[in-house]
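Working notes, beginning with the structure itself.
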């Protein structure tokens, strides 16, 4: 309903006589997306109007075209972690946010994910996290996926850490994780195992509530 | 952290939930917004013009006036707005900087007025965005040059305590500084002119003598000319020697172009003196006299235009080189063609290809003397092609040279280039510093943050309170986020030097044999520690503990089970440490954690120091570790 993308791009595509690359680049930025109305978003998420307003202002400021593509997303996320390289983790985050797999995050996706993370129930949060870890979306987290994620997290630390990062630190971290999470020792973690293990761990439970007051 | 994305900080913090299941340590407490304000509009009244913006917009750049608490000084209680008695037009660009993250320089604005406004609002000019930065720098440079010129004009007064040598040098370089210098300047100029005219007149045939041959004046009045020449050369020699004496760097002076010209001007005379009428070398002697014409170049000290011409030619060396090369190519081609075209005709002047060079050059430069003309039809055709192409080949590089000349005439080109390179480097360096400043800010605030937490826990008032810096909420939230990342990975951010330090230490230290005893010893010290925590401090035993633990720290790291952070010879301050002991939730916790916690906090310089010899500054890796002292549950 909110997407104006279709008609706009269709028209510009037809009008374009020459395949000039510069024109292509210029036209890409014309693509604009407007989100659904405020009331609808308020109904769909757990935010109130004022919070949505603040969120949208920040979103629109950084992305005037109304959508975030992966490059911009990585840039924005990297600015919070100047020490290391946040692009790998940002990539996984992007895929987690981009629930429609469209290659760009619209404001609705953004707000939906934030609503889960900040105002959702514990189960919803854990489910979202499971989706983040499950890179290929097959319903299982295996060791390779987890290693990727953990390596990405360690990449954000950068080079200058104490104690110095060793090459097998992520692997050991993943081992520890699987020890805790993989109850039936079958080498993969399913959603239920994940949620169960997390619920047993007070640390994790407490830390999930940590960002309640972010807005 | 770039302030432009401060609005995305809530998102980044929310995304941090993705780390939580991976982390094994409890996370630090999130900073709360103590005075929880909703985002509100604030009014900025700049000399009557009201600007309104969200408070968050201004908070994006906390190191400027509007972003920090400094603006509270300008708050007007009655009208509930911030009043600034500054230029509203310039303020527009400044406020747009907060809104868009880009600082633009309006062209119609005076450079010094703009600089003043930027300085007032605490914004460094280096962040002017690229679209306007060139313009800004050009204007600034022009202004600086103008100021410098004014300064130099007013700087004519003689500096005190100048040695005679320095005075002389200054007189030589700036003739208008004193009357003597001016006199000297004109005298040398006169003699240069005299010398040149003498050289010219020497060759004029003057007067007819009884023998029917016109002799040049030089041979008729040999003695007179010789005396004139001698006088001039003597003046030049004296001048050169005086300059050499007065020069601050003689070596550099001798290498300069002007001094070489001087030497070349007077050398032929001396060589001529030495070589008397020796028939063998008279030919060379005649050649040497040619060099006397170089005296005319001495005029370039007197003429600015001549110097600029010289600079132009030097700077256009590449264009001149191209001109020469293309001309040479064309000459060779056409000379060859003309030679073979004219080979057939009889009595042709084009006897060889080099002989045709003369024709080609004369034709291409459109001189056309007519001493050599092609006679065959083919020759004429190629000759016309040659003259047409000549116009093109010569006309192309010439405008470049001309524009170069005009450019140099209006600017000081060499100094500009050097300065521009330096400026660009300096600008990038400053931006890099401000970027690393943001990452250093985290490390810095970790130290302060721990300090603050400890203070809060102990509830101590007093002069330590003032250390409680008011970092903006955004900054504290960002630091909390980085802290959570540290907890997740169980490693800490340190800066480069400490990283290298610890790296070296870990490379040096390897005492595996003591590790078995360590665990037992740890247990003992741990319990001792906790016991000590309740009692008073005992500096001596405490001082030992860190030194014991230190060598083993790195062994245990390899197990990656326990993250012991041991400070260098830190002493305990037990009263604080006990309060900082956090109950650890993970199973398998032993006393080590508490010992770590206690060790960590001690680095705070506490005023009520008991007899513990605490050194005043805190090693950052230690202070930051207060909560990292918790044991990580390992898979061992």
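Every residue gets a Cβ built from N, Cα and C, even glycine.
Keep in mind that TrEMBL annotations are predicted by a computer and have not been checked by a curator.
According to TrEMBL:
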| type | residues | note |
| --- | --- | --- |
| REGION | A:1-20 | region 'Disordered' |
| DOMAIN | A:85-120 | domain 'EF-hand' |
| DOMAIN | A:121-156 | domain 'EF-hand' |
| DOMAIN | A:169-204 | domain 'EF-hand' |
Counts of helix, strand and coil residues, the domain 'EF-hand' (A:85-120), according to DSSP: 24 helix, 3 strand, 9 coil
Reported mean pLDDT - the domain 'EF-hand' (A:121-156): 88
Helix, strand and coil residues within the domain 'EF-hand' (A:169-204) as assigned by DSSP: 26 helix, 3 strand, 7 coil
Tally of DSSP helical, extended and coil residues in the domain 'EF-hand' (A:121-156): 25 helix, 3 strand, 8 coil
